[in-house]
Amino acid sequence: MSNDIFPNKFKAALAAKEIQIGCWSALASPISTEVLGLAGFDWLVLDGEHAPNDITTFIPQLMALKGSRSAPVVRVPTNEPVIIKRLLDIGFYNFLIPFVENVEEAVQAVASTRYPPEGIRGVSVSHRANMFGTVPDYFSQSNKNITILVQIESQHGVDNVDAIAATDGVDGIFVGPSDLAAAFGHLGNANHPEVQRAIQHIFERAKAHGKPSGILAPVEADARRYLEWGATFVAVGSDLGVFRSATQKLADSFKK
């Protein structure tokens, strides 16, 4: 059976340093995820860390994005091999790994997504990712088509950014601005000069190692500044944020 799984176009675009504009899907709804996919974003994060998602909610969202130009990226709840294996088996190819602080954690994230001998991913011969055994080249192509994006959002992560960025199999470095701000003692203020310097430093070190960098920036001025600083994959909003803002504006227009 033919398939359109390989090659991974999002992974190729990142490697080519093409600008990739994304959005966050936080409502855990296949309807809202489908709407985001229709909007034309290059990539969408389906959030498993802070949104109420699990395996059973992710599958209908993946189905909703079938045929969309938007590449689904799953943010896993934690850097744990069994969780990552299950998300691979349901059909994710692009992974955002939160709270990576050192090279050992980066290596573990990569290994969790690779079949032996390159990694430790468990083997099932029939699952959703290989169209239930109907993709003949799945096992030969899977390892080279997985995207690993690691999130730096702590002081230790910043201190170890060079080693993390140099890790084989890491495709990009993503900044978690809110947790990074908290780690630097500026909870709720990612625009504090100290945090901004750290963000710019991460972008610069990623570039020095030939890796693209990204960030979540729902404020347009922030997003444009980060693009100017060299970030190439930027999430510029979320379904939850857009929905809350638009509904509040609508209510206010009639109640004030």
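A Cβ is built for glycine as well, from the same backbone N, Cα and C atoms used for every other residue.
Summarising the annotation, Swiss-Prot assigns active site, proton acceptor to HIS50 and lists sequence analysis as the type of evidence. Its own atom aside, the Cβ of HIS50 (active site, proton acceptor) has 12 Cβ atoms within 10 angstroms in the protein chains shown.
Per Swiss-Prot, the feature site 'Transition state stabilizer' maps to ARG75; the stated evidence is sequence analysis. ARG75 (site 'Transition state stabilizer') carries a strand DSSP state (E or B).
What Swiss-Prot lists as substrate binding site is GLN151, SER178, ASP179. Listed in sequence order, PHE99, GLU153, SER154 are the same-chain residues six or more apart from ASP179 (substrate binding site) with CB atoms under 8 A from its CB.
Residues or ranges marked as Mg(2+) binding site in Swiss-Prot: GLU153, ASP179.
Shown in sequence order, VAL45, LEU46, ASP47, GLY48, GLU49, LEU96, ILE97, PRO98, GLN151 are the residues of the chain, 6+ apart in sequence, with a C-beta less than 8 angstroms from the C-beta of ARG75 (site 'Transition state stabilizer'). The most densely surrounded of the binding-site residues GLN151, SER178 is GLN151 (count of other Cβ atoms within 10 A of its Cβ). Summary of the substrate site environment: with the site residues GLN151, SER178, ASP179 set aside, the chain residues having Cβ atoms within 8 Å of the Cβ mean position are PRO98, PHE99, GLU153, VAL175, GLY176, PRO177, LEU180, ALA182. You'll find the Cα of SER178 (substrate binding site) roughly 12 Å from the Cα of HIS50 (active site, proton acceptor).
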